[in-house]
């Protein structure tokens, strides 16, 4: 029991540190793309800027609107943050290295991810602000729409694997990553990920020119920090899912021939060598996917809300349904259905 609690605390600290340095990386990358310096005073090369910002926000006064529902207004950011952190339970960092090895890991992640919408919806309603309410309505419609896209992609991948266990999905990609036969899904998954996390150019829930700051307009101090942590935690989490489902997760390309050259048998040295390669492959994929979020923010203008919703229901969803029909037909023709189906 004590060991499990320690593991959870270590995992949470690692996630929160990753969130902190993702914000620094985003600001430095955007500054480089826009030919300016960015944060460079707090710590070496600005590496401690995230902690300075966190202290500043935590020390600010929590101001609540007079006519708001105080209890729900304070609880809503916690709902968003907790659902973002619980999603990490089923994420494997390596073979057998996970907080909770669930046979229904995909279903669990979808269920927990869909609960995050309640935080934004309740925060907008309880703020007693028209800007916040409109932002929460936009957020709800956007998250529900693109949640359907992500669910469809999960179902297509489950057709290949015949399992809802994330580790099993990763291990079936030892021969070839699914992004190679399912290349269009990689692009669709990334687009849906950007929309699901409400990141630019799909940040219509908090468009400054229309809604001030969306559903967290009335937040300040620590409740605002919770929304901030939840947003960037979701970016890392959904990037991890993208890497696990389509990019082989912690697997690199087939390197078994290196073992035959370097080691005569499967010794502890070869085991450590494999762990080093797997962890490096996982880190490279995750950094690449998170950098893609930052690059899209700098490169593309914001969509209008009607274009965002129409893009989901008129373009992406019919395209996925077409893929949904093609893949089972192809598997049936070549008699390649998974044996468990």
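Using the three backbone atoms N, Cα and C, a Cβ is placed for every residue, glycine included.
Per Swiss-Prot, the feature transmembrane segment maps to 2-22, 39-59, 71-91, 104-124, 141-161, 175-195, 212-230, 243-263, 276-296, 308-328.
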Contact set, same chain, for the transmembrane segment (276-296): CB under 8 Å, 6 or more residues outside the stretch: 22, 25-26, 29-30, 33, 93-95, 190, 193-194, 197, 199-201, 235-236, 239-240, 242-243, 247-252, 255
Contact call for the transmembrane segment (308-328) and the transmembrane segment (141-161): at least 3 Cβ pairs under 8 Å, seq gap 6+: yes
Long-range Cβ neighbours of the transmembrane segment (141-161) (under 8 Å; 6 or more residues past either end): 106, 110, 113-114, 116-117, 120, 168-169, 172, 178, 182, 185, 188-189, 192-193, 195-196, 198, 202, 204-205, 245-246, 308-309, 312-313, 316-317, 320-321, 323-324, 327-328, 331, 338, 341
The transmembrane segment (39-59) vs the transmembrane segment (212-230): 3 or more CB pairs under 8 Å: yes
Distant-in-sequence neighbours of the transmembrane segment (71-91), which means Cβ under 8 A and at least six residues beyond its ends: 11-12, 15, 64-65, 98-102, 105, 108-109, 112-113, 115-116, 118-120, 122-123, 125-127, 166, 216, 218-219, 223-224, 226-227, 229-230, 233-234, 237, 240-241, 244
Other parts of the chain folded back onto the transmembrane segment (2-22), taken as Cβ under 8 Å at six or more residues beyond its ends: 47, 50-51, 54, 85, 88, 99, 229, 232-233, 235-236, 290
